[in-house]
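As recorded in TrEMBL, the features of this protein are as follows:
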type	residues	note
ACT_SITE	Glu81	active site, proton acceptor
DOMAIN	88-321	domain 'Radical SAM core'
BINDING	Cys102, Cys106, Cys109	[4Fe-4S] cluster binding site
BINDING	Gly152, Glu153, Ser184, Ser207, Leu208, His209, Asn286	S-adenosyl-L-methionine binding site
ACT_SITE	Cys327	active site, S-methylcysteine intermediate
Amino acid sequence: MNLNNLEKTLNPYPSFRLKQAKEAVYVNLIDNWNKASNLPKELRGALNQECPLDIKAEIIESKDKQTAKALVYFVDGFAVETVLMRHKDGRNTVCVSSQIGCPLACAFCATGEQKLTRNLSAAEITEQVILWARKLKQKNNRVDGVVFMGMGEPFLNYDEVLKAIRVLNSQEGLNIGARHISISTSGLTEGIAKLAKESLQVNLAISLHAPNNQLRAILMPINRKYNVEKVLAAVKNYIAETRRRVMVEYLMLGGLNDSEKEAQELASVLKQGLEKLFFVNLISYNSTGKFKPSTQATIDRFKLILEKEKISVVQRFRFGRDIEGACGQLKGRKMA
Ligand code: SF4
């Protein structure tokens with residue numbers, strides 16, 4: 001699929017043709033322009049040439065059918081991962097990538113080992129959602145939410161990510177409610193400040209993973225530039241401007257960041273008069289080999305300490321363990 005040339009190809013035509021074409025792609029979810037019967041035949045031919053709609057993807061399903069993961073290949077041969085999570089309540093959430101590889105090299109992440117190749121265009125980000133939307137449509141179902149938690153740091157590709165969000169959110173696009181779209185960042189303060197100024201109700205998630213700089217620097221080299229204090233100060237400003245809750249993501253790594261001491265420390269850095277607007281998401285670790293996951297008993301103890309300190313906390317359900325559930329793992333294996 002390649003929608004990068006859509007506007008250019010339709011430029012010589014009256015503007016309503018672009019509207020019709022977008023409706024065919026995003027609303028009717030067609031996979032070949034010949035199915036857009038309201039477009040003139042010669043235009044359909046030109047669009048098939050310039051903006052092909054077939055998506056080249058390899059899909060694997062988890063045994064419990066709750067998760068499907070795909071490697072989506074773009075025209076230049078590079079690929080990213082995207083995941084469909086089918087929730088028990090019937091909702092479907094898609095996790096998308098924003099970059100091919102990632103320059104931030106977080107120690108626990110398979111994508112970080114792959115370095116950055118390039119940013120994705122808004123069309124390539126949207127394509128990942130369209131892949132799943134087409135599949136779900138066959139069963140009269142739809143994509144209800146999107147999370148930017150796949151490969152890449154979304155705020156290093158801010159403009160294209162925001163452009164994609166507007167398409168996902170628009171009624172003429174995929175019509176996914178902004179409140180059901182989440183951006184996860186490793187804490188790039190400029191991006192957090194910019195997002196606060198957008199007139200969008202999207203959710204913000206911060207990958208903290210450690211309550212102090214010593215530990216966070218081991219896990220996330222980016223902590224040298226954006227340390228715990230800077231990140232939390234930016235989040236504080238974001239909350240003051242938007243009054244929106246922010247999710248704090250915390251990967252539970254056995255024997256590394258999961259002791260009672262770290263739970264207390266996390267509670268105290270979040271308790272700055274804003275604790276009601278933070279909620280912590282404890283994430284079970286899908287081992288990439290370097291670290292080991294925390295035991296459930298340790299996670300329960302950590303959770304209890306945060307709750308006692310009046311911090312909202314949930315444990316993220318672990319999707320797709322049997323299909324390389326952590327970001328970058330599937331692509332990493334293909335490259336090995
Ligand atoms: S966790 Fe996210 S920011 Fe860190 S290396 Fe992986 S993709 Fe990049």
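Cβ coordinates are placed from backbone N, Cα and C, and glycine is handled just like the others.
Given the structure is predicted, the values throughout are model-derived calculations rather than measurements.
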**Asked** If one measures from the C-alpha of Ser207 (S-adenosyl-L-methionine binding site) to the C-alpha of Cys106 ([4Fe-4S] cluster binding site), what distance in angstrom results, rounded to a whole number?
**Response** 11
**Prompt:** In angstrom units, rounded to an integer, how far apart are the Cα atoms of Asn286 (S-adenosyl-L-methionine binding site) and Cys106 ([4Fe-4S] cluster binding site)?
**Reply:** 14
**Message:** Could you check which of the recorded positions Glu81, Cys102, Cys106, Cys109 is the closest Cα neighbour of Glu153 (S-adenosyl-L-methionine binding site)?
**Reply:** Cys102
**Message:** Does any of Glu81, Cys109, Leu208, His209, Asn286 have a Cβ within less than 6 Å of an atom of ligand 1? These are the recorded positions; tell me which, or none.
**Reply:** Cys109
**Asked** Which ones in the same chain are close to Ser184 (S-adenosyl-L-methionine binding site), with CB under 8 Å and 6+ residues apart in sequence?
**Response** Val147, Phe148, Met149, Pro154, Ala205, Ile206, Ser207, Met247, Glu249
**Item:** Alpha-carbon distance [Cys102 ([4Fe-4S] cluster binding site); Glu81 (active site, proton acceptor)] in Å
**Value:** 13
**Asked** Across all chains shown, how many C-beta atoms besides its own are within 10 angstroms of the C-beta of the residue listed as 'active site, proton acceptor'?
**Response** 25
**Request:** Tell me the Cβ contacts of Gly152 (S-adenosyl-L-methionine binding site) under 8 Å, same chain only and six or more apart in sequence, or just say none.
**Result:** Val80, Ser97, Ser98, Gln99, Ile100, Gly101, Cys102, Thr111, Leu116, Asn119, Leu120
